[in-house]
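*Asks:* Structure provided below as structure tokens; questions to follow.
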Amino acid sequence: MDTFRDLSKQWADESQAFKALYSLNKVRVPWIKDSISKDKETLIGSRIADIGCGGGLLSIPLARLGADVSGIDANPEAIESARLSLKRSPQLRGSLEYVCTNVTDFAAKNESSFDAVVASEIIEHVADVGSFIDACVRLARPGASIFFTTINKTLMSKLLAVWMAEDVLQIVPEGVHDWNKFMEPELLCQELESRGCEMRFSHGLIYNPMLNEWAWSPSKLMNYAVTAVKI
């Protein structure tokens, strides 16, 4: 958490520590939109929880598509940055809120309240993964989609996502990632299925740091995305 507190002033800058997350929006926003509302151009009428929202990098584009979004983060500095960004988009104030809390407490007050729950690039920073997944599933209504993007636990991810990204290329600050918290896609799918969810999508993602671009990939050795539906 201290690492992210130190980075809080950079949330609004697309060229600094979070530039890869800004770039990821070009892939994850259409993926989320099409999964929720394939036959429509907007997300109007959809209520979405963005868990681990940080500075609102994903919350804002989802709200711009018409969704009612609740961005949740336990880091008060990140929430403060997100709220400052929201002030620059006054047209979204009625459809986007940021709440400084942990997902377990939020789920206790908002059970079965959301049409979609998004946990993008957050589970690899979570200490108690089981409780985190429990809370995400509790937030979803029956029939709601639950989205995860994260990093696989492989030797390649240890080499590239930790050593290369942090120590060599310095794309992300040192200490952001703990390889021991990375999670295999098979295990994540098992955890979701054991909580009454049905898997709908599992696919690899690849990041080109030189071009700052993401693309879908048949390989899940590094990053991957999954979609589950709460039954």
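Positions of Cβ are set from backbone N, Cα and C atoms, glycine also.
Given the structure is predicted, the values throughout are model-derived calculations rather than measurements.
The following feature annotations were taken from TrEMBL:
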type	residues	note
BINDING	R28, G52, D73, S120	S-adenosyl-L-methionine binding site
DOMAIN	50-148	domain 'Methyltransferase type 11'
BINDING	E121, E124, H125	Mg(2+) binding site
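How buried are the listed features, and what sits near them?
*Replies:* The Cβ neighbour count for R28 (S-adenosyl-L-methionine binding site), using a 10 Å radius and every protein chain shown, is 21.
With helix defined as DSSP H, G or I and strand as E or B, the domain 'Methyltransferase type 11' (50-148) counts 42 helix, 29 strand, 28 coil.
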*Asks:* Given the binding-site residues R28, G52, D73, which one's Cα is the least distant from that of E121 (Mg(2+) binding site)?
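*Replies:* It is G52, whose Cα lies nearest.
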*Asks:* Just to be sure I understand the packing, how many Cβ atoms besides its own are within 10 Å of the Cβ of D73 (S-adenosyl-L-methionine binding site)?
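*Replies:* Excluding its own Cβ, D73 (S-adenosyl-L-methionine binding site) sees 26 Cβ atoms within 10 Å.
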*Asks:* Average the per-residue pLDDT over the domain 'Methyltransferase type 11' (50-148) and send me the rounded value.
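*Replies:* Mean pLDDT for the domain 'Methyltransferase type 11' (50-148): 98.
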*Asks:* Give the number of CB atoms, excluding that of E121 (Mg(2+) binding site) itself, located within 10 Å of its CB.
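*Replies:* Result for E121 (Mg(2+) binding site): 20 other Cβ atoms within 10 Å.
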